[in-house]
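A.B. asks: So TrEMBL says this about it:
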BINDING   ASP45, ASP84, GLU114  Mg(2+) binding site
BINDING   ASP45, SER46, ASP84, LYS112  3-methyl-2-oxobutanoate binding site
ACT_SITE  GLU181  active site, proton acceptor
Amino acid sequence: MTKVTINTLQKMKTEGQRFAALTAYDATQAHWVSSAGVEVLLVGDSLGMVIQGNDSTVPVSLDDMVYHTRAVARGNQNGLLMADVPFMMAATVERTLEAAHALMQAGAEIIKVEGGAWLAPAIEILARNGVPVCAHLGLTPQAVNKFGGYRVQGKTDTAGEQLLADAKALEDAGADVLLVECIPAPLAKRLTAQSRVPVVGIGAGADTDGQVLVLYDMLGMNPGRNARFVRNFMADADTPQAAIAAYADAVRNRSFPAEEHSF
Ligand code: KIV
Ligand code: NA
């Protein structure tokens, strides 16, 4: 696979080709994921849950993110390396820039930040400074305490319109990718149609340009009950590498996600 960049994702969207993304937290996983041809490797702050054993992503620090981003960068073959801005680092423009600076110097090629239209000023400055941004909307897990649990977002007409307006504002500010988590499939479909930039979904139905899952979930490594949108690709595979390849295929041929994985 040739080096994946934001242009690759943009081109795939234009051509109506689906792309795959997976989380990776260390060099070995980065090697598996990237050599299977998954386009985007996400150093997700979900590492606070699957690696650190916390109940949420709230305890994850910028230092934690930098440590794992360095490891993933070493194992990555040709994937696009995305890293999360952790909890409270987007509270001010200055903190967002500080986090982006650290993550990019650790090896990230695009940063992901949770929030709405209020992120626009930071995204404009990042764009001017050569930092690509993915804006994460819908169920933003860092806000779990504010949501009162991990709940599907954008269910009412007003909430849906708000999400579409936020996404538009972030795209206009210079966001290069949008990511939506746990929103109704019809809303994700509308968002994907209105957006010039690629839209990645998790628990957002089959109509987004790309799909993402947490690696531990799709490898069946999660000791708890999996969320509705997860499929365990290890169930029919002999090795993690084969399961990852099967996931990438299923995203490309649109057999994942199915109706049963959507809201
Ligand atoms: O941290 C993470 O793994 C994520 C994905 C669920 C999108 O943000
Ligand atoms: Na995350």
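The backbone N, Cα and C atoms fix where each Cβ goes, and this holds for glycine too.
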A.B. asks: In whole Å, note down how far the CA of ASP84 (Mg(2+) binding site) lies from the CA of SER46 (3-methyl-2-oxobutanoate binding site).
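C.D. replies: Per the Cα atoms, SER46 (3-methyl-2-oxobutanoate binding site) and ASP84 (Mg(2+) binding site) stand 9 Å apart.
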A.B. asks: When you measure from each Cβ to the nearest atom of ligand 1, which of the binding-site residues ASP45, SER46, GLU114 fall under 6 angstroms?
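C.D. replies: Near ligand 1, sequence order: ASP45, SER46.
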A.B. asks: Tell me which residues of the chain lie with their Cβ under 8 angstroms from that of ASP45 (Mg(2+) binding site), as long as they are six or more apart in sequence?
C.D. replies: THR57, VAL60, ASP64, MET65, ASP84, PRO86, PHE87, PRO141, GLN142
A.B. asks: Give the distance between the Cα atoms of the residue listed as 'active site, proton acceptor' and GLU114 (Mg(2+) binding site), rounded to the nearest whole Å.
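C.D. replies: Rounded to a whole number, the Cα-Cα distance is 10 Å.
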A.B. asks: State the count of C-beta atoms found within 10 angstroms of the C-beta of LYS112 (3-methyl-2-oxobutanoate binding site), not counting that atom itself.
C.D. replies: 23
A.B. asks: Identify all same-chain residues not among ASP45, SER46, ASP84, LYS112 whose C-beta atom falls within 8 angstroms of the centroid of the 3-methyl-2-oxobutanoate site's C-beta atoms; report them in sequence order.
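C.D. replies: Residues close to the 3-methyl-2-oxobutanoate site, other than ASP45, SER46, ASP84, LYS112: THR23, LEU42, VAL43, GLY44, LEU47, THR57, VAL60, MET65, ALA83, VAL85, PRO86, GLU114, HIS136.
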A.B. asks: With 3-methyl-2-oxobutanoate as the bound species and ASP45, SER46, ASP84, LYS112 as its recorded binding residues, calculate the greatest Cα-Cα distance and give it in Å as a whole number.
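C.D. replies: In whole numbers, the farthest two Cα atoms are 13 Å apart.
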A.B. asks: Please list residues from the chain of GLU114 (Mg(2+) binding site) whose Cβ is under 8 angstroms from its Cβ, counting only those at least six apart in sequence.
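C.D. replies: When sequence neighbours closer than 6 are ignored, GLU114 (Mg(2+) binding site) has ASP84, VAL85, ALA90, HIS136, LEU137, THR140, PRO141, GLN142, ALA143 within Cβ distance under 8 Å.
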A.B. asks: Less than 6 Å between Cβ and the nearest atom of ligand 2 is the rule; apply it to the recorded positions ASP84, GLU114, GLU181.
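C.D. replies: Once distances to ligand 2 are taken from each Cβ, ASP84 fall under 6 Å.
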A.B. asks: So which of the recorded positions is most packed in, judged by how many other Cβ atoms lie within 10 Å of its Cβ, out of ASP84, GLU181?
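C.D. replies: By the 10 Å Cβ neighbour count, ASP84 comes out on top.
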